[in-house]
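Asker: A single structure is presented below for examination.
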Amino acid sequence: MDEKTKKAEEMALSLARAVTGGDEQAAIKYATWLAEQKVPLRVQVKPEVSPTQDIRLCVSVEDAYMHTVTIWLTVRPDMTVASLKDMVFLDYGFPPSLQQWVVGQRLARDQETLHSHGIRRNGDSAYLYLLSARNTSLNPQELQRQRQLRMLEDLGFKDLTLQPRGPLEPVLPKPRTHQETGQPDAAPESPPVGWQCPGCTFINKPTRPGCEMCCRARPEAYQIPASYQPDEEERARLAGEEEALRQYEQRKQQQQEGNYLQHVQLEQRSLVLNTEPAECPVCYSVLAPGEAVVLRECLHTFCRECLQGTIRNSQEAEVSCPFIDNTYSCPGKLLEREIRALLSPEDYQRFLDLGVSIAENRSTLSYHCKTPDCRGWCFFEDDVNEFTCPVCTRVNCLLCKAIHERMNCREYQDDLAHRARNDVAAQQTTEMLRVMLQQGEAMYCPQCRIVVQKKDGCDWIRCTVCHTEICWVTKGPRWGPGGPGDTSGGCRCRVNGIPCHPSCQNCH
């Protein structure tokens, strides 16, 4: 080393010590000498100046197709932009040559630190633009080699080169150019076979359904070349995918068969019990698994006692779900097998008898045997005049609606009129009913024509014989022919908010 170079190094070190110690005069002196000698220098702030604690950096990443995503990186303010590029390369696979960093609205250079760009606190932001690799010389082998070199540098191994495994190939002499041989150059190498990822431009193998780098789906228009032969690695991957698909289909089939068997077993049960803790919406009892009943039609859950009480107190052949709140009344019905499983044999028989009685009373073509306390009845047709009761075996006349086995119809009618003239009690009863009908204190049922009257309360009543719901104020049926809820007929009370009559006192 000559004297001039040695002197320049001493003056540079003296300048560094003077700046560090805050000696302005000495720093000016040394800097002036170095400037006069035109000594080339590189001035760089030591890492100790920047904070060393880790911070969270918010990075907005955008590619050539204007796709944007936000990621968070754990960095130190004293890191250089080059180190930041290496971090992104190792973590996300984007080579440093494709990264353009913008920090504080300024293009960052590799040797600059994050601290110099104002990155000092958690939540500070930066912008990363990813260049397209379409026009670069990157290929999968070069990309893998760069990643391995970066990993070796992180481990402290520098100035290394990666050698391929296996026996060394003999060094071939350099081929002569066409100027030396007088022949044209060989044809350029054919482009690699595969499809190019529209996101990161990586060339993937033809059979791969998604990008190996960014997992983006293969373009739908791409067709695998007919002459393409997969290599060993691809064949292994395809075999693994086929095996995974086979196992998936097998598990799916097993699950379907299990679900089917579960449904079959559930269908064979009369009652569906709850599998999770539930609360009865009627009595608010907390029910453990297996203590409540889930109705098949509407899936509402109740305790057994509340359902049994609902069935016993029902006046209809079809028992409605008892669920009701301020906004909703469930229209679901209990199934016959659910009712049979909930009730005792005696209660179930009474329920069946109620259904038969309702069916009889609501039919205009039904006739009940006139024998006292006899349960026999029938549906009659126009061409049938007599009914032999299967219970008491008495013969009923369907024309006279009576039993007169030793008289014909004319004789029975004459005898009935004669007895009515001499029966004072019958005459008084007939007169009382006529007066009540005239004064509006009683009315004929619009279905079965018996006399009904209202004791007190609202204007809704139910016929005790045919169970027809009646609107007292309009003297007609409450609902249409479809039954409860059918507003196509009946009094149509509260349809569009309009009462059925100015004097209506709520007919439900």
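Here the Cβ of each residue, glycine as well, is placed from N, Cα and C on the backbone.
Features from Swiss-Prot:
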- C458: active site (ACT_SITE)
- C280, C283, C303, C306: Zn(2+) 1 binding site (BINDING)
- 231-260: coiled coil (COILED)
- M1: N-acetylmethionine (MOD_RES)
- S50: phosphoserine (MOD_RES)
- Y328: phosphotyrosine (MOD_RES)
- 1-218: region 'Interaction with IRF3' (REGION)
- 161-191: region 'Disordered' (REGION)
- 276-504: region 'TRIAD supradomain' (REGION)
Asker: Here are some binding-site residues: C303, C306. Which one has the most Cβ atoms within 10 Å of its Cβ?
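Answerer: Result for the most crowded candidate: C303.
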Asker: Round to the nearest Å and give the CA-to-CA distance linking Y328 (phosphotyrosine) with C303 (Zn(2+) 1 binding site).
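Answerer: It is 20 Å, counting Cα to Cα.
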Asker: Other than C280, C283, C303, C306 themselves, what residues in this chain have Cβ atoms within 8 Å of the centroid of the Zn(2+) 1 site's Cβ atoms?
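Answerer: What remains near the Cβ centre is P281, V282, Y284, S285, L287, A292, F302, R304, E305, L307.
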Asker: When DSSP states are folded down to helix, strand and coil, where does C458 (active site) land?
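Answerer: Its secondary structure by DSSP: coil.
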Asker: Let me spell it out: for each of the recorded positions (C280, C458), count the other Cβ atoms within 10 Å of that residue's Cβ, using every protein chain shown. Which one has the most?
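Answerer: Neighbour-count leader: C280.
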Asker: Tell me the Cβ contacts of C283 (Zn(2+) 1 binding site) under 8 Å, same chain only and six or more apart in sequence, or just say none.
Answerer: C303, E305, C306
Asker: What whole-number Å value do you get for the CA-CA distance of C458 (active site) and C280 (Zn(2+) 1 binding site)?
Answerer: 31
Asker: Suppose you look only at the region 'TRIAD supradomain' (276-504); what would the mean pLDDT be?
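Answerer: Result for the region 'TRIAD supradomain' (276-504): average pLDDT 85.
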Asker: Under a three-state reduction of DSSP output, how is C303 (Zn(2+) 1 binding site) classified: helix, strand, or coil?
Answerer: strand
Asker: Could you tally the C-beta atoms, other than its own, that fall within 10 angstroms of the C-beta of Y328 (phosphotyrosine)?
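Answerer: I get 8 for this one.
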